[in-house]
Amino acid sequence: MNILIVEDDENSRVLQDVYLSADGHSVTSAKDGEIAILQLLQHTPDMIISDILMPVMDGFEFCRWVKNHPQYKDIPFVFYTATYVESKDEQLAYALGAQLFLIKPLEPLEFIKRIKGVVKDTSLGKLTPVSIDENESITQQEYIKFYNSRIRKKLDKKTLELNSEQEVSQQHEKNYQRLVESLDVGVLELDLKLFILNANKAWHKLLGAALVKLETNMSFTQLFSTENALILQSECAKIIAQSQFNSTQTMQLKMLGIEHDVLWLNLRLSAVMENNHVIGFSAIIYNITASLIDRQKIERYSSIFNHTSHGILVLDHNGKVVEVNPGFLALTGLPIEPFLGRDFTKLNSIKFTKEQRASLRLYIKAGKPWQGEVVHIHLNGISRISLLSLFVLPSQMVELQQLVCFFTDISDIKSYQDQLLYLTRHDKNTGLYNRLHFVTLLDYELKRCARDGRQLAVCFLDVDNFKDINDTFGHAIGDEFIALLATNLKNKLRQTDVIARFGGDEFIIFFEIEAEQQSAEQSITNIRQLVSGEFITSQAVINASVSLGIAIYPNDGLTSAELIKNADTAMYHAKKQGVGSFAYYRQALTEQVVRRISIVEDIKQALLLNQFEMWYQPQIDVITEEISGAEALIRWQHPTKGLINPIDFIPLAEELGLIAEVDRWVMNSVFNQVFKWHEKKLFFGRVALNVSTKTFKQSKFRQHYAEAISQYQIDPSHIEIEITEGAFSDEEDISPFLQELQSLGYGIAIDDFGTGYSSLSRLRSIPVNRLKIDRSFIDPITDSLAAKALVKSIINLAHSLDLCVIAEGIETQQHLTILKELGCNHMQGYYISRPLPVALFEMFVQSYCPNPTGT
C-alpha cells in the first residue's frame, strides 16, 4: 500500500517511514499540507497519515481539502498528533471526515497495529468516517468558528509555554557575540517581547544614527510605525506557532530614521529554540532601501555589486541568469560563462531541495520575494551554506522586470549555532551528556515510566582515588583518563542506557529494568567491568575502579532530584565498603549522611570555639626513671556530650577532610604550651605530637612547622613528630619530607611500630630518630618468652641503627623491670600516669619523685 506521510517534524517523519516501510508499505512524505497537495496532484496514495500543527497549511485544512475533493475524498485519512490531543480536537477531526485519530507518541507495534486496522477495513470495504454523532454535520461557518477556536487555544497555550522558559549561557553569549561581530550583515538577538538583547557592529553601521538613540529597554517594534510593528508581531506569532528549529519568517519593513529618511529593511526572523520551545528570535537584517526605490539606485551601487563578498545574481522575469557578481563566482569557484542564460533553479552549483526548487519557480513566476538557506558546492568539493534572499526589481513592463538573488555565506553562523546547541547538552571533554541535559532526559523518562508502570534505575559512579591520579600524573593525564573511561561507557553500553558526566570524576546513568534486583545487578556488573582495569593514556597506564550507588524508581524516589540524591548517597556508602564496591539506596543511608553532616559541623564549631584541649602523658627514662618527655593527646570537651576521646572523632575527621585543620590546631596548641613551660622554667622535656598521615603528605605541612620555630621561639629539638606506619607505605615520597623536618631540628618517631607497613629491614632507609613499640607487643612479655624475645630483638636492632626506643602501654612494675633488663630507653603508660590536662600535668611534674630502684 502506498502511504503519504504529512509531517513537519523530520524525526517523526523518518520514524513513521521506518515503521511503515518495515511493514511492507511504500511511503512518500511532505512537510506540510500545501506540499502534500502538490504530491497528490502528481500521484494518488492509498492512505494519508497527517500531523495537525504544521506550517503553511495545517492538518485540519489539508484534511478538509482532501475530503472536499471529489477525486480524493475516499482516501483513508489518519491524524497522528502530539499537540492537538483534546476531545474537541478529535471531534473536529472526525467531523472533517478522518477515519482515525491517534495521539503521539505510540509504541512502534501499537502504531503499526492501528494502521493495519485501517488497511484491513479498507480492503474489506468497511471503511467509513467515524462521527461523534451520526446526525452531526459541520457547515462552513461552523468549521471556521470551531477551527479558529482550536487554533487560538493552541496558540495561546503554546505562547504561555514558550514564555515560561529562557536561559542563555553568559559565556556562550560572549562567544556568539564575537562571531556575530565579525559578520558584515546586521544581526540582532530578541527576546519573546522583541526587546533587543544583543546587536552587532554591522547593525549599527547599517542603521547609523537610528540605532544610537536606541535604549536597551526599548522594544525593537518601537523603531517602526504601528502598521509595520503589527506586521513584525504577526510574523513572530507564526514562528511561535510553528515551534521548530527551522521556523523562519521574512518580511520587508519600513523605518523612519533620525534624519526623517525612509529605510527599507529586509528582515529574516528565525526562532531561537530551547527544549522544543521558542525562547526568542534571531534576526538578520539588510538595508534594501536602494533596490526598492528604483533600479537606478542599484546601478549607482554597481561597485558594491562587484566588490562585496556576498554572492549576487540578477535574473530576468523568466528566472534566467543575466548578471553574476564576483562574490558569487568566489562561492562556486567557476567562471561566469556556465551561469549566463541558465535557469536559476537548475544551477548545478546550488543544491536546491525538491521543495525549494518548486517554491522558487512559483515565486519567480509571481514576481514575489523569497528567502531560504541553500547549499553551495565549490569546485573544490567544499560545501558552504548561504542565506538566499530573492527580491524583485519592479518595472511597469513585466518583460523588463528583474529579480535579484543575494547570497550571504552563513556557514560560520550555522556551525557556531550547531556547536552552541551541542555544548548546551554535552560535556566538552568526554562528549557525554552534561548534568542539565541528563536531568531533562530523566524527567521525560520518568513520565513515561509513571504512565506505563515501568521501573528505572539511576546509577551514580565515582572514580576511586581520582585525586591520587591527578596528583601523580597531572590534570592533563587525568582528563585523558576520564575521556577514555567515558568512551568505554559510551561505546559499550546499551543504546537505551543514558549516560552523562555529572562532575569531575562523577558519572551518572539511567536505564530501564524489568525486575528490580536481577536486571539492575546484571547491568551494574557490566558497567563495573567497563570502568575497571587498565586504561592506557599517552603517558601512563592507570589501574582504575569506581564506586557505584543505585536508586530505583519508584521505590527510592519519584523525581529526578530525589533519585540522583539517593543514588549519590548510596555511592558514598559504597565507598566506605572499599574501592570498586556498589550499594543500593536505603533510607538509613540518608540518616547516616545527616549524622555525618552534623558531626562535620560539630568539629568545625569545636575548632572555631576552641572546644578542643590538649592533655599530656608523661614519658620516663627507663634507667633513671626521670621524666624525659610527654606525649600530647587531643581531647574534645563537647558542650552537650561531655569529654570525647580522639578515637571517637579523629577517624571521622580524616574521612571527612577536616584532619588537616585539626592537626594545625594541635600544632599551635602544643607549641604555645611548650613556649609557656620554657618561659616558666617548669618543663624542658621532649613533647611528642601525632600527625595524621593525610596531613603529613600535604605540601603545606612542612611550611607550617618551619614557620612555627620563629613564631613560638622554641628549640625544635624539644618537639618530636610521631608518624604512624601508614605514612611509610610510599617510602620514596615520604623520606625527603622527613629529612627536611630533621634538618630543621625536629625529632621523628614511628608510632605504634609493628602494626603497619614498615619492617625492621626498612628502618635503615627511613630517616627517623625514635621507634615506639606498640602496646600489643608489650602486654604479653610478662607471660610469654616468645613475646619477650621479639621485643628484645626489636630493641637490639633499633639500637644497632642508632635509634632510641620507647615502649607504650606500661601497666605494671613487672613491665618496667623487664623493659629495663631488655635495654629499652623510654616508656609511658598508666603505671606511670594517665594522660592529664595541663594543670594536673604541671602538678605531676612538680611533685614527681623517681624510683630507679623499682621499690
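Placed from the backbone N, Cα and C atoms, the Cβ positions cover glycine too.
These come from TrEMBL:
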DOMAIN    2-119  domain 'Response regulatory'
MOD_RES   D51  4-aspartylphosphate
DOMAIN    297-342  domain 'PAS'
DOMAIN    454-587  domain 'GGDEF'
DOMAIN    596-849  domain 'EAL'
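All protein chains shown were included, and the count of other CB atoms within 10 Å of the CB of D51 (4-aspartylphosphate) stands at 26.
When averaged over the domain 'EAL' (596-849), pLDDT in the model lands at 87. Across the domain 'Response regulatory' (2-119), DSSP classifies residues as 55 helix, 23 strand, 40 coil. The domain 'PAS' (297-342): residue composition by secondary structure is 17 helix, 10 strand, 19 coil, according to DSSP. In the domain 'GGDEF' (454-587), the DSSP tally of helix, strand and coil residues is 58 helix, 42 strand, 34 coil.
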